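Enquirer: So that we are looking at the same thing, I have put the structure below in structure tokens.
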Amino acid sequence: MSTVQLPPGAIRPPPYVVVFGPDANCTLQICPVEISVYGYRPSLAANISFIALYAIASAIHIYLGVRWKQWWFTGCMIIGAVNAIIGYVGRVLLYYNPFSFAAFVLQIICITTGPVYYCAAIYITLALAINFLSPDLSRFKPKLFYYIFIPCDLFSLVVQAAGGGLSTSTKGQSQTGVNLALVGLSFQVFTILLFCFFFGDYLIRYWRSGRWQDGVASRGDSATRLKLFFGFMVVAVLFTLIRCAYRLAELNQGYRGHLIRDEPLFIAFEGVMVLGAVYCLMVGHPGLVFRPDQKLRPLAAGQDRTSGHSGQELTEHPSRKTTNQ
């Protein structure tokens, strides 16, 4: 770790103490907080708030997942939320002891890797949406979202986790771990941008085709559901990109930079952005489109548009048909 300029009057630590690492024995009683890895005591109020909000988000996502039977999406969201809760518990522990190496490792790994699971949920959901709405309008085969973007997501997760582990094992002295984490995060950003290109291209082609108007003509509020679904999904992706841009800048500076020691920036661009994406994915939930009582089945290309269902048609669940008879 680099030498930190202590403020006037600050108590200098004894020469025998270890500030950072598995053998750290600094405490607030003998060491100034300015020489800790973050240079501050994490806000207790902010981190407890994040824990509570993620717990609420988890409960809501479980309810929506059970109600709409979206198991893969719900699983990814819950894993990501639990990761975040564990990470912010680590930051609460750092409030009580900013020199705790175990708490530092806990929060840096869990908070850093959490958004990877949300990205996986988005990739899976958009592949389903394209497949059910109008797959012939996509330049990218829906099944390739599984075979390309999910492995890329997992690769970035492994590289980021390895970088974080290597960085902490060397007590922040080696730049190799930071560089490895930077590579993993950069690859994640590249994957998201590539996904955004195909996603945006599909949305433009789908809306211009007019199929969404034809396909929802007989379904009442379905047009609103589609707009909410795609709109909030887009916002969630944008929030994730903003967060990744912040993390890239932070990692580029390493442990010696000023960004890692700026808690308001962390709260705004890590905490709020990721939490905002999680809540956006409640409104942009796949259950808005893929409800258990009905599903969208794509029609064959070139089907007569005068039927009012060009590109897609609504199929009622058998139980609803029986009930209505």
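The count begins at 1 with the first shown residue.
Just so you know, glycine gets a Cβ as well, placed from its N, Cα and C.
Take a look at what TrEMBL says about it:
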COMPBIAS  304-313  compositional bias 'Polar residues'
REGION    301-325  region 'Disordered'
TRANSMEM  44-64  transmembrane segment
TRANSMEM  71-89  transmembrane segment
TRANSMEM  101-132  transmembrane segment
TRANSMEM  144-162  transmembrane segment
TRANSMEM  182-204  transmembrane segment
TRANSMEM  225-246  transmembrane segment
TRANSMEM  266-290  transmembrane segment
Enquirer: Mind checking which residues of the chain, 6+ beyond the ends of the transmembrane segment (44-64), have their Cβ under 8 Å from one of its Cβ atoms?
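Expert: Distal contacts: 70, 74, 77-78, 81-82, 84-85, 88-89, 91-92, 95, 263, 267, 271, 275, 278-279, 281-282, 285, 287.
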Enquirer: Do any residues of this chain, six or more beyond the ends of the transmembrane segment (71-89), have a C-beta under 8 angstroms from a C-beta of it, and if so which?
Expert: 47-48, 50-51, 54-55, 57-58, 61-62, 64-65, 106-118, 120-121, 124-125, 274-275, 278, 281, 285-286
